[in-house]
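Undergrad: When I checked TrEMBL for this same protein, it listed these features:
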| type | residues | note |
| --- | --- | --- |
| REPEAT | 141-179 | repeat 'ARM' |
| REPEAT | 183-226 | repeat 'ARM' |
| REPEAT | 225-267 | repeat 'ARM' |
| REPEAT | 322-364 | repeat 'ARM' |
| REPEAT | 364-406 | repeat 'ARM' |
| REPEAT | 411-454 | repeat 'ARM' |
| REPEAT | 515-557 | repeat 'ARM' |
Amino acid sequence: MDVMNLIEQPIKVTEWQQTYTYDSGIHSGVNTCVPSVSSKCITEEDEACGRQYMLKKTTTYTQAVPQSQGDLDYQMSTTARAKRVREAMCPGVTGEDSSLLVTQVEGQTTNLQRLAEPSQLLKSAIVHLINYQDDAELATRALPELTKLLNDEDPVVVTKAAMIVNQLSKKEASRRALMGSPQLVAAVVRTMQNTSDLDTARCTTSILHNLSHHREGLLAIFKSGGIPALVRMLSSPVESVLFYAITTLHNLLLYQEGAKMAVRLADGLQKMLIILANGGPQALVHIMRNYSYEKLLWTTSRVLKVLSVCPSNKPAIEGLESVLKILVNQLSVDDVNVLTCATGTLSNLTCNNSKNKTLVTQNSGVEALIHAILCAGDKDDITEPAICALRHLTSRHPEAEMAQNSVRLNYGIPAIVKLLNQPNQWPLVKATIGLIRNLALCPANHAPLQEAAVIPRLVQLLVKAHQDAQRHMAAGTQQPYTDGVRMEEIVEGCTGALHILARDPMNRMEIFRLNTIPLFVQLLYSSVENIQRVAAGVLCELAQDKEAADTIDAEGASAPLMELLHSHNEGTATYAAAVLFRISEDKNPDYRKRVSVELTNSLFKHDPAAWEAVS
């Protein structure tokens, strides 16, 4: 039976060596020296007994002369040399009692050994080829029977079959045969799900683990429903089963399309997040402090980085004064990997955490981040998190104004504005726009920003993003994400930054001269509430100048602004009211009265008693 052949597979290479008696001259040494003219090699064939080789050698001497000691030494030397050649070229063919003179100097390779290397490589290749072919053929023949045994009702039979398949999965040739059998992979998954035997569970998870090192194996596991079964195995009390299950799932998540969604649907996240409810973060920090294995530390730091992204975790991450100081100091090193991790971790730890923002700002974090940006060049993996960290530090904490001034004092504004240029990635552009908005909150930064030509660049980005969004809207297609960023987000960010910059009279005049008012009026019709708010805000600032107010009115802004008076967003309604009030100053009394009624109605719409009193 093929299964028994798998268990007690003969080593055919050994048999081949033992039965291979054809004399090539290496075994007998016949051709190691020039033969005598009278020497004869006679081969006789015996039909009954197979092939045998006989050597008849006749030598005739014309004079009987006794052999000298020199001739004996020569013959012994020749014989020893022949044996050394045979042993080097084909080790094991000489007798066990062979005693050869060792001529090798320690630490050096002899010419004979170098001569024998191709022969040994050829022999090794032949051995591997024979074994590979035998493994593949035997596995292929045994697959149907093994599949049947895995589905047997007898648990003992199932365990034995799982052990055999596990052994097969450890050899490359037979492993490829297993990957090509969906029926067998499905049987392994089914057995893993249904078994209560620990040995069977260990063998089946080991099989899937071995298959997961190949893309064909990953696909076979995925199609056989292996992910839900592997998620269940995460509850196993056996450490080896846990190792195999986790490693296999990791390989699937890395290289198999659709695996992430399958893990979610199988409640895999809940299984793996149990670690967080059982002191997982503390254990990770313990690993970082007490272990020196580089790969473990690298993986642990990545897990901590992922955990620090969770919004619910950010306000709770405290007591990191020393860690934040270390991270700031690491920004001065030249190692790209260190800079990437340090900037990314700082970005996460300063997001929505006022205390951490203050600590980083007070410990020269702004200067260090600007230095990292200047040194990063075109490495977005460093620049983007550094810009995000600066965006966090320049808003919503007690030292935000200090951070805004620090960016200017450390000559960071020109370098930051340059990042608005294409073809930088949209996530980096989006983060830069947000940082510029925060910097514009500081009046002292307005002049440097204007000198860096930030306004034309923002307007250019705004027009491009708006046109792209309008094109998709006209085609009736949903606005796609570009590198994870929607164009509406760029429109909102640019308009918001221009709104803050327009508080400065010089900036306000430059924005007006770039013919931006028609675009801002169009944005009042946007279906995105935040875009309506920032568009009304920038028009509110521009309307302070008489010429700009007249242009706003001429572009037909009154109608959408009247509608926005009733917006549920108080900021939008307030900006709309301010714009309407400013553009109505030179209008006739009837128009001003109608605007006044609308304004009063919008102001007191949530307070009927006050409306009655005013009426």
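Yeah, the Cβs are placed from backbone N, Cα and C, and that goes for glycine too.
Annotations in TrEMBL come from automatic prediction, not curation.
These figures come from a predicted structure and were not determined experimentally.
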Undergrad: Which value does the mean pLDDT take for the repeat 'ARM' (322-364) in this predicted structure?
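TA: Taking every residue in the repeat 'ARM' (322-364) and averaging pLDDT yields 91.
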Undergrad: Can you break down the repeat 'ARM' (515-557) into helix, strand and coil residue counts using DSSP?
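TA: Helix, strand and coil residues of the repeat 'ARM' (515-557) number 30 helix, 0 strand, 13 coil.
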Undergrad: Using DSSP, break the repeat 'ARM' (411-454) down into helix, strand and coil residues and give each count.
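TA: Going by DSSP assignments, the repeat 'ARM' (411-454) contains 31 helix, 0 strand, 13 coil.
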